[in-house]
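Novice: Here you go, one structure.
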Amino acid sequence: MQLVCPAGNLPALTCAIDAGADAVYAGLRDQTNARAFPGLNFDANTLAEGARYAHARGRQLYLALNTYPDSQRLHQWHQAVATAAESGCDAIIAADMAVLDYAARSYPSLARHLSVQGSATTAAALRYYTEQFGISRAVLPRVLSIQQVERLCSTSPVAVEVFAFGSLCIMVEGRCQLSSYVTAASPNRHGVCSPARFVRWEESTDGTRTVLLNDVLIDRFAPDEAAGYPTVCKGRYEVRQNIFHALEEPTSLNTLELLPRLHSCGVQALKIEGRQRGAAYVTAVTRTWRDAIDRYADSPHDWKPQSRWQSTLASHAEGHQTTLGPYHRHWQ
Amino acid sequence: MKLSIAPMPYFWPRERTVAFYREAAEWPVDILYLGETVCSKRRELRTRDWIDLAHDLADRGKEVVMSTLALIEAESEVAVVRRLAENGHCWIEANDVTAVQICRERGIPFVGGPSLNIYNHVTLRRLVDDGMRRWVAGTEHSRDLVAAIHTAIRSDGEEPPSLEVFAHGRLSLAWSARCFTARAFDIAKDHCGFRCIEHPDGLALATRDGRPFLRVNGIQIQSEAVVDMSPEVPDLRSLGVDVLRLSPQAEGMAAIVSHFDLARRESRALPPIGVRNGYWHGEPGMPGVPPRQP
């Protein structure tokens, strides 16, 4: 089982490789990928350097091109596919049919992975992308229970990658309009959810902090309360006269305890989320999962999730909380 | 220009649903989209009932389209899509690539629903090749985005497929594996008790300063705002929109249909009966927030 780790820049990439990632995924410094944050991502030179670093150690580099271009900007995504091929990337991770189509025709030897933004949750959907665009792997959206992942793996025409750890996007990826509803910036089109330039913090004299996203109140925090990044889905709102995290608490997904089941059902790769996170996160999380996977490979029968792994992961989780999220029965 | 009634997003008791469509059969609408698109646990009408209702309405002169779930998680849900696709009478609205593939494998034409991600002409053309005969533009699509897709298709010497645009109702903004209605009642999704049935227009969600914001509808999140494109009808016509889509709501649907019927027949901008859809103008979808460049 491959461990696929995030890299928001070259230092993070080298950290991920050094800490034991089998593959690293990265994005370009523009709207062609779903983490188009300022100060983050790669250009053609750093990408090529990253590919050399990974290949020298027998690892791989993937380029995420997982946003949806409009007709006028298609050429920019085409150029990004070319950059991936020319920089020596091993695969692109894409969702849009036009991008997959272009890549399949122009660079057939560059592997194509279906991005989580493609929202493919069934064998029929996976057949579509396999038959039409020759994908060799699909990343599953974070909406299926472990039983559903197991069943899908047994009928999928293509290798499957699942999210293992990281900040939890609770909506069906590639189908969430909450950010664009409030800001006009669309994660699908512009590559970023709740852009920082729309965020405004206000602090009152008693230390209470209020956070707004383009004029919409997302949450209010007591002076000593930890405050997370304001995405619409993790704010507190009023429903039925109660104020609470009506959609989801700030929390991270952690599937470590499911490792044996994910392995036995044939999941090909485990993905760590967090290209926006720093080198310390990438190093600690990658090292923990590397250790867990290696120990499982050594002795699958007496493998148990160790408490030191779990505490390291929790310390890097959003709000220091982790959940099995959709894998858990309670969600289904 | 045709008028359509979008698939019912809410969970109403069986009698109420049947009465709604009995009434709709008398309205000046051309197309009725039937079926469950949000949650497969909602079974006041089973697949067989929907198909029977479709036949009834087709006999009464309506074009009927069977809509499919936007999020498909279980094998049983795929089986429903298969049954709908093979009903032999009406088209289906594919709201997920699963349904696209099922139609494609059987050579069945389909309507591309708003939750398929179609942002450029190449993707649109691929889906037309797969059998898509009508396209319902996505929730966040602007006039400029749709126009650019049409221009690009025409510059290649082809005609775009028939175009349907969301014209009235609450916008569908997101889906999740979670049920937010169950969460609001602090119960597990498994034991939801079908609480959606108590909220025929969804459950209101406001910000902490009391500003109406969203609607919780099971695993779906909608806008609180009811958008209305009736003032844009002449422009929609000039863009080449073939179908105006009206989303079912608990009260006043007949009046909404009449309003749009008048707007399309006279092709004039009528006074709005809802709020402006910012998305259509390249702004935030939400009314009343500052319009800024993304």
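Cβ from N, Cα, C; glycine included.
According to TrEMBL, the [4Fe-4S] cluster binding site annotation covers A:CYS169, A:CYS176, A:CYS193, A:CYS233. Per TrEMBL, region 'Disordered' is recorded for A:307-332. Annotation comment: TrEMBL describes A:307-324 as compositional bias 'Polar residues'.
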Novice: Listed in sequence order, which of the binding-site residues A:CYS169, A:CYS176, A:CYS193 sit with a CB under 8 A of chain B?
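Specialist: Answer, by Cβ distance to chain B: A:CYS176.
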Novice: Using DSSP, how many residues in the compositional bias 'Polar residues' (A:307-324) fall into helix, strand and coil?
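Specialist: Once the DSSP states are binned, the compositional bias 'Polar residues' (A:307-324) shows 12 helix, 2 strand, 4 coil.
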Novice: Just jot down the residues in the same chain as A:CYS233 ([4Fe-4S] cluster binding site), at least 6 apart in sequence, with C-beta under 8 A of its C-beta; none if empty.
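Specialist: Same-chain residues close to A:CYS233 ([4Fe-4S] cluster binding site) (Cβ under 8 Å, separated by 6 or more) are A:CYS169, A:ILE170, A:MET171, A:CYS176, A:LEU178, A:LEU247, A:GLU248.
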Novice: If you count other C-beta atoms within 10 angstroms, which of the binding-site residues A:CYS176, A:CYS193 is the most crowded?
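Specialist: Result for the most crowded candidate: A:CYS176.
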